[in-house]
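Undergrad: According to TrEMBL, the protein carries these features:
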type: ACT_SITE; residues: ASP36; note: active site
type: BINDING; residues: ASP36, GLU223; note: Mg(2+) binding site
type: BINDING; residues: 37-41, ARG49, HIS53, 81-83, TRP85, ARG87, ARG204, 210-212; note: substrate binding site
type: ACT_SITE; residues: ASN84; note: active site, proton acceptor
Amino acid sequence: MKRQLKNLFASKQQKESAAAELSSDKIPQHVAIIMDGNGRWAKSHGLPRIAGHHSGMKTIKRITKAADRLGVKVLTLYAFSTENWKRPKEEVEFLMKLPQEFLSIELEELHENNVQVRMMGYKEDLPEHTLRAVEAAEERTKHNTGMVLNFALNYGSRKEMLNAFKEMAAAVQTGELQPDQITEELYEQHLLTRTLPDPDLLIRTSGELRISNFMMWQLAYSELWFTDVFWPAFTEEHFHEAIRGYQQRARRFGGL
Ligand code: FPP
């Protein structure tokens, strides 16, 4: 409680000094986040689940700015998984409206800040209105050279990997590819992340300790950071705490 109050009243100066404690030469290039706990946050405030998702959308703005300020190059946010269609229809419909709402409010500011908005996931299953909003944002920001804000929307790692296997198997079948030519690098060219570096840091909010079908190949050597804080309550200070934790890790990538 004390900590929460402290965060609530943290001044701009305090926030800047928290950021200043971070070493600027060890900022993760790619941060991926599993934004979890919207429903439980809503319940704890006596609100319907969708209010949690709406509040979670506001956290996206906060953390996008924080990441950009620190010099993060790619911020990937797990907004909707290939399994999330199993949720009640009303909740899915609400979630599918959020990209549109978020982008109608934030796109211009993102664009002014040179942010590239991208979507990673299976576009074919999205409702027309969601797809239109996302594609318009991608188109508007495609020449920007700043941070990539990558929304994992209708994304699932197993599907991504299976598709990659199928594409490579088809190439083997036609004789274009020999099985021994299949390397990590070639396989990665078939993943949805083909233009992105692997995440250096994965953050999952809400106290769950799972990967939930998120970037399973790409996370092989990522540092993992779990926090009990629900996504709607996740602040810039919490984000800095995760980055600070990351900076204290020794990354060996299997070496010594
Ligand atoms: C997980 O919490 C969260 C989601 C499945 C949705 C995340 C979506 C947003 C934060 C907003 C998306 C907005 C844009 C702009 C793409 P949960 O519902 O599983 O929470 P619970 O585990 O507490 O029930």
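Cβ coordinates are placed from backbone N, Cα and C, and glycine is handled just like the others.
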Undergrad: Just to verify a number: CA distance, ASP36 (active site) to HIS53 (substrate binding site), in angstrom, no decimals.
TA: 10
Undergrad: Near ligand 1, meaning Cβ under 6 Å from any of its atoms: which of the binding-site residues THR82, TRP85, GLU223 fit that description?
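TA: What lies within reach of ligand 1, judged by Cβ under 6 Å, is none of the binding-site residues.
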Undergrad: In this structure, which of the binding-site residues GLY37, GLY39 has the fewest other Cβ atoms within 10 Å of its Cβ?
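TA: Candidates: the binding-site residues GLY37, GLY39. Fewest Cβ atoms within 10 Å: GLY39.
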Undergrad: Using a 10 Å radius around its CB, how many other CB atoms surround TRP41 (substrate binding site)?
TA: 25
Undergrad: Can you grab the distance from the residue listed as 'active site, proton acceptor' over to ARG204 (substrate binding site)? Cα atoms, rounded to a whole Å.
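TA: Distance between the two Cα atoms comes out at 17 Å.
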Undergrad: Would you count the other CB atoms within 10 A of the CB of GLU223 (Mg(2+) binding site), including those on all shown protein chains?
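TA: If we count other Cβ atoms within 10 Å of GLU223 (Mg(2+) binding site), we arrive at 19.
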Undergrad: Same chain only, sequence gap of 6 or more: which residues have a CB within under 8 Å of the CB of ILE211 (substrate binding site)?
TA: ILE34, SER157, LEU202, LEU219
Undergrad: At a 10 Å cut-off from the C-beta of the residue listed as 'active site', count the other C-beta atoms across all protein chains.
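TA: A 10 Å sphere around the Cβ of the residue listed as 'active site' contains 23 other Cβ atoms.
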